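Chemist: For reference, TrEMBL lists these features for the protein:
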type	residues	note
TRANSMEM	7-28	transmembrane segment
DOMAIN	8-140	domain 'MARVEL'
TRANSMEM	40-64	transmembrane segment
TRANSMEM	76-96	transmembrane segment
TRANSMEM	133-152	transmembrane segment
REGION	182-218	region 'Disordered'
COMPBIAS	205-218	compositional bias 'Polar residues'
Amino acid sequence: MAFLPILRLVVLITCTVFAIIVLGLSAHLTSLSEESLGGYFVFAAMAIAAAALTIVTLPAMVGIDFVRRGAFTSMVLVELIWVFVLWVLWIAAAGLTAQEQQFVFGEGNSCNYVDTDLATACHEFSAIEAFSFLTWIVLMGYNITLLVYALIGANRGNKTWTSSVGDGLLLSRGEPVPVTPMSTGGDYSHTAPSMQYPPQQQPQWTGQSNHTPMTAQV
């Protein structure tokens, strides 16, 4: 099995697991903030949205690719665009989480609070930030790698943008263009006709001469 399909499978499964973790942490943090503060954090809503889209779409991409080869969701161009959208959402969630954590708990806080809910929220801030950054890095790295492979394959004459990662067209050489020989021998001829010459007539010696000898007259 080629390198890129294995990398794709590992990346999509890993990011799905990270998204499940972030979704659980963000949902619990939102529940705590609703009870304690009567509202929710913007970064938590962003993290929930990014995690939900990741959980819904990435396993679907893997499953559809196994069930039906050449589906629309497996095209390299579609995958590049959608993975780009996802890692933009994840970097936004990670940035908002880091900003909010610094504003609420301060920089370098060790989360040593007597209040259990406050300590739990502080740890969840850090966990959401860490897994959001990890998901962003993994998705962006795969996105760049897939784009480089697609560009190389396109330069080699392959239809990489409409193919899937498992087709093996991203780095393979394109098929040579067949050359049809020129036809000069008629409507139904595919090759030039060969020239036929009649055999040369060789003189035959019969032993008799048709010329009469000339005699000298004195």
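Each residue, glycine too, has its Cβ placed from N, Cα and C.
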Chemist: If you average the pLDDT over the domain 'MARVEL' (8-140), what number do you get?
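Modeler: Summing pLDDT over the domain 'MARVEL' (8-140) and dividing by its length gives 89.
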Chemist: Please list, for the domain 'MARVEL' (8-140), how many residues fall into helix, strand and coil according to DSSP.
Modeler: 112 helix, 1 strand, 20 coil
